[in-house]
Amino acid sequence: MAQDDAIEARSSRKVYGTGPEAVVALDDVSIAIRKGEFFTLLGPSGCGKTTLLRMIAGFETPTAGQILLNGRDITDAPPNLRPVNTVFQSYALFPHLSVRRNVGFGLQMLGRPASEIDQKVERALAMVRLGEMADRKPTQLSGGQQQRVALARALAPSPEVLLLDEPLSALDLKLRKEMQSELKRLQHELGITFIFVTHDQEEALTMSDRIGVMSAGRLLQVGSPREIYNHPVNRFVADFIGETNFLPAEVSGGVATIAGGIAIPVDAGSPEGAHTIAIRPEHVRILPQDAGAAMRGTIAETTYFGTDSHVRLRLDGGADLVARYQSDTAGGEAPPTGAEVGVSFTPGAVQVLED
Amino acid sequence: MSAREDGQARRDARNTWLLSAPALFILTFAAAGPLLIMLVYSFLTPGDYGNVVWKFSTDAWVGTVLSKDIFDGTYSLADAHLTIFWRSVKLSLITTFFTFIVGFPTAWIIATRSPRMRTALLFLITIPFWTNLLIRTFAINQIIRNEGLLNTFLLYLGVIDEPLLIIYSDFAVFLGMTYVYLPLMVLPLFAAIDRFDMRLIEAAYDLYASRWQVLRRVILPIVRPGIVAGSILVFIPALGAYVTPRILGGGRNMMIGNFIELQFGQGRNWPLGAALSVLLLVIVAVALVFYVRITSRESSNG
Ligand SMILES: Nc1ncnc2c1ncn2[C@@H]1O[C@H](COP(=O)(O)OP(=O)(O)OP(=O)(O)O)[C@@H](O)[C@H]1O
Ligand SMILES: [Mg+2]
């Protein structure tokens, strides 16, 4: 264990229920989250994100394994003895208390003097720009305002780790974008470790220092957004993060051979044998037929998306591909359906997947 | 405003009155009417064989708290009356408190079960209502009397050598009333707890509240309407209880209800009975106002 890990989960396992109805929500998850990091847990619904977060908060006891905070084993500590606060997806604001008293609740329970509570509540409310709303009840606030109260309430006691379970999923797109940058700003200012849960890959990519991708109770890959996007370890990660073309290929000596005998250069260290190769649509370039491209294909369908078009095309070897055609940089309209075109891949963008 | 709109407004007003007429009628004759009769009777003179003589007198009202010496005509505090009042208020408060202490965990357990289990448990809670109150009270009498089930059992086990003298005591009355009024506490508490968002417990727990603080700072303030409703539903009938103190308290441990009945029966003092009834109503009203004030102040601070 490194000294600069805020939270560490060691071989954590969680099974709900017993016998034939048992659900394995987390299957042997080990993860280390660094101090001051914005860490995102990303994965489809039901993959165990909330379960992992609840184990860190102390609401669930792992069936096996340990949870460590700053290197100290907190597996059996109750939530009120962990310097970890949660922003709940449902906000869970106390309806009988004013915004001010909601935000001051944690400090009050810690037995802090009134003057300190007042001062810290003021600061937390200013941080989320809700100073004027302090005396309202939560029901008198809009969804976005309630969300910010929940954030201020979790931040006011200055926790070491802040857990956020899909806090933005109930907000509309514009407000969500706003809150995303606000969260990022707060995390920067306060230097608190954020563990953020989402199933929105775009949100994960734009906000995180590192991302952990989960599926069916397992942690598949941990890495920076760039690493995860450009070097997904397997087909699931590649598919979940952004759009990807998958092509079966035979790899040997730094060359992947796909249907129709087309040879594509890949990383020399790539695994050999029968594998799937992945290529992002934006790395598929559509060229004029006479541009001397290595591959040729026919346009099957073009969908216009504003700044760019999604083009489905069939390579002459029989493989189907999706390409992103950027109208402004490539100049002019995407080629019409049925057009014969040349195709090339951005060098180094083709990824050989392990499975 | 045009004449047509004017006519429409008048018709609306008339319809409003017409529609509320049945309710007003019931309120007047079923609630205000009897009260008014009571109030009038309390200022009349008792007849020799019950009933009233239509002659104004404040004797009944004086007699609620003072008693007149039959020889020298001096007044002194009516100790017996005050003892009965005090016992009624005390027993009702204790009953309310204990139905809450027992009823809250009960309601909590019911509200946190699966839907099917919950229906079954709620059904069980209402079963006592199927039997007449008198019969239920006699059943308790059978259990706690000197030769009753409880004593026979304890004597048989050798836990005690002499029967426990429970029956015909304040304690017996308290026991009976707690049993009889418990469902009236559980049902409104259940309704309030059922609406309570259990996720708030985790939120409070996450924000460093201990178990006790979660209960005190989050659960109790939020389910307060249920506590208030349950307390009112128990306290008011308990204060006017008649059957339970009669059967379990014997002749000596009277409550206001029995005392009032006595005035209309053997006592042949209808004005005093009427004055006592009105007084009971006033006590209840004052207690209610106090109670609601105190509990609402607490929640706005808490
Ligand atoms: N209390 C519980 N009892 C039984 N099974 C549960 C319980 N909580 C979660 N599960 C199961 O555990 C698995 C993981 O659930 P979890 O809530 O962690 O998913 P999630 O990744 O947060 O999903 P979402 O994105 O939909 O919130 C799911 O299959 C779920 O059905
Ligand atoms: Mg979840």
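Every residue gets a Cβ built from N, Cα and C, even glycine.
Note that TrEMBL annotation is computational and uncurated.
The transmembrane segment annotation in TrEMBL covers B:21-44 (among others). Beyond the ends of the transmembrane segment (B:21-44), by six or more residues, the same chain brings 52-58, 60-61, 270-272, 274-275, 277-278, 281 to within a C-beta distance below 8 angstroms of the stretch.
Annotation comment: TrEMBL describes B:85-291 as domain 'ABC transmembrane type-1'.
The transmembrane segment annotation in TrEMBL covers B:91-110 (among others).
As annotated by TrEMBL, transmembrane segment applies to B:122-144 (among others).
Under the heading transmembrane segment, TrEMBL lists B:164-190 (among others). Counting same-chain residues at least six beyond the ends of the transmembrane segment (B:164-190), those with a Cβ under 8 angstroms from any Cβ of the stretch are 87, 91-92, 94-96, 98-100, 102-104, 106-108, 110-111, 122, 125-126, 128-129, 133, 136-137, 140-141, 144-146, 148, 150-151, 154, 223, 226-227, 229-231, 233-234, 237-238, 241, 244-245, 247-250, 252-253, 255.
Per TrEMBL, transmembrane segment is recorded for B:218-243 (among others).
Within its own chain, the transmembrane segment (B:272-292) is flanked in space by residues 35, 38-39, 41-42, 46, 60-61, 63-64, 85, 89, 228, 231-232, 235-236, 239-240, 256, 259-264, which lie at least six positions past its ends and keep a Cβ under 8 Å from the stretch. Residues annotated as transmembrane segment in TrEMBL: B:272-292 (among others).
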Outside the transmembrane segment (B:91-110), six or more residues from its ends: residues with CB under 8 Å to it: 118, 121-122, 125, 170, 173-174, 177-178, 181-182, 184-187, 189-190, 193, 226-227, 230-231, 234-235, 238-239, 241, 245, 255
